[in-house]
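Annotated features in Swiss-Prot:
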MOD_RES   ALA2  N-acetylalanine
MOD_RES   LYS9  N6-acetyllysine
MOD_RES   LYS15  N6-acetyllysine
MOD_RES   SER190  phosphoserine
SITE      TRP199  site 'Interaction with histone H4 N-terminus'
BINDING   MET241, LEU242, ILE243, GLN248, GLY249, GLN250, GLY251, HIS252, GLY253, ALA254  acetyl-CoA binding site
ACT_SITE  GLU276  active site, proton donor/acceptor
MOD_RES   SER343  phosphoserine
Amino acid sequence: MAGFGAMEKFLVEYKSAVEKKLAEYKCNTNTAIELKLVRFPEDLENDIRTFFPEYTHQLFGDDETAFGYKGLKILLYYIAGSLSTMFRVEYASKVDENFDCVEADDVEGKIRQIIPPGFCTNTNDFLSLLEKEADFKPFGTLLHTYSVPSPTGGENFTFQIYKADMTCRGFREYHERLQTFLMWFIETASFIDVDDERWHYFLVFEKYNKDGATLFATVGYMTVYNYYVYPDKTRPRVSQMLILTPFQGQGHGAQLLETVHRYYIASSSVLDITAEDPSKSYVKLRDFVLVKLCQDLPCFSRERLLQGFNEDMAIQAQQKFKINKQHARRVYEILRLLVTDMSDAEQCRSYRLDIKRRLISPYKKKQTDLAKMRKCLRPEELTNQMNQIEISVQHEQLEEQFQELVEDYRRVIERLAQE
């Protein structure tokens with residue numbers, strides 16, 4: 001019996017030691033993957049140029065780890081404009097194949113699932129491609145040029161936005177490289193069917209000089225799908241939008257979204273512009289752009305705003321800027337906050353009630369549904385449903401929603417003031 005206890009203790013300790021040993025070979029793929037946009041040869045050794053994914057779960061599972069390596073580095077370096085790629089896997093040590101019957105993850109195979117063939121694996125080949133980068137030019141039609149002040153007070157940076165499609169020579173291959181970034185920065189990203197001609201592509205590039213030549217660097221892009229609306233209209237829907245990490249916080253998202261809106265505004269066949277499953281950050285960006293577009297419309301004058309939302313606002317927003325009624329309502333709420341003195345009790349109360357009347361609509365629908373349920377539910381089922389829409393809880397949720405909205409709206413107003 002004592003011998004059995006000693007054996008059991010040994011097995012527990014052995015298992016613990018093995019697990020500890022195996023844990024040393026687990027790497028966080030969010031930090032193991034190193035991304036870089038290269039303009040100059042010295043960028044290869046410059047850690048400041050390195051940035052990292054926000055998500056890796058689509059390739060490496062929910063725990064976002066790779067097993068079997070110590071000191072794992074997955075290098076994905078892109079030439080800044082053409083996005084010609086160098087892919088290499090480096091590590092200090094790899095788990096022995098005979099070590100407790102475990103195998104290292106096929107890291108290279110996982111990355112190959114999303115990057116197109118034709119990439120480099122060594123620095124010399126990559127630098128040879130970099131020497132030819134002056135030949136790269138943006139795809140498609142130039143829509144907009146704008147500048148961003150230099151943080152050091154030097155010459156402004158110049159950026160351009162283009163609209164492209166798959167008929168542009170070389171664009172299909174370029175897009176295959178560009179879309180790989182989606183997997184690292186959009187949580188639910190997926191690749192689109194590029195053979196569907198209803199996709200539109202909008203690209204942002206930085207225009208810069210290098211050794212007397214004009215070059216272009218990829219900044220970000222947006223894909224838009226054109227849905228048919230009976231009988232003769234289309235509804236462009238923003239599907240994917242990404243500004244690459246080194247360029248974030250510089251206003252490129254707003255420039256891109258406004259340019260896309262202005263592109264579709266010119267088309268009489270477009271009904272309105274929407275977005276597919278928009279993130280909170282996208283909604284905030286859209287709020288800013290739409291308010292900026294609408295703020296000078298007569299229907300959004302101070303006098304009209306204080307009278308409440310009306311059909312004319314929805315009509316004008318749709319006709320002038322292809323904005324649907326729901327988004328026009330948000331524009332109204334932001335602009336009304338702008339002209340409301342929230343320190344004035346009466347103005348504040350009026351604004352609060354106006355917003356809450358909209359927010360309460362889903363709760364009223366639940367009340368209507370409950371009235372119908374009374375006719376067919378058993379008492380215990382009815383009690384359960386009533387508990388879900390308790391009045392006091394409704395008021396708390398409404399107030400919380402209201403405060404969150406006002407906070408978001410104030411940020412939009414602050415950004416408008418900086419324009």
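Note that Cβ sites are derived from N, Cα and C of the backbone, with glycine treated the same way.
For the modified residues shown (SER190, SER343), fewest C-beta neighbours within 10 angstroms: SER343. Cβ-based neighbour count (10 Å, all protein chains) for ILE243 (acetyl-CoA binding site) stands at 22. According to DSSP, GLY249 (acetyl-CoA binding site) is assigned to coil rather than to any helix or strand. Taking a C-beta cut-off of under 8 Å and a sequence gap of six or more, GLU276 (active site, proton donor/acceptor) has these contacts in its own chain: TYR225, ARG237, VAL238, SER239. Highest Cβ count within 10 Å among the binding-site residues GLY249, GLY253: GLY253. In the three-state DSSP reading, SER343 (phosphoserine) counts as coil. Long-range Cβ proximity for GLY251 (acetyl-CoA binding site), meaning a same-chain Cβ under 8 A and a gap of 6 or more residues, is found for VAL148. Under a cutoff of 8 A between CB atoms, and with a sequence separation of 6+ in the same chain, the neighbours of MET241 (acetyl-CoA binding site) are GLY220, TYR221, MET222, THR223, GLY253, LEU256, LEU257, TYR282.
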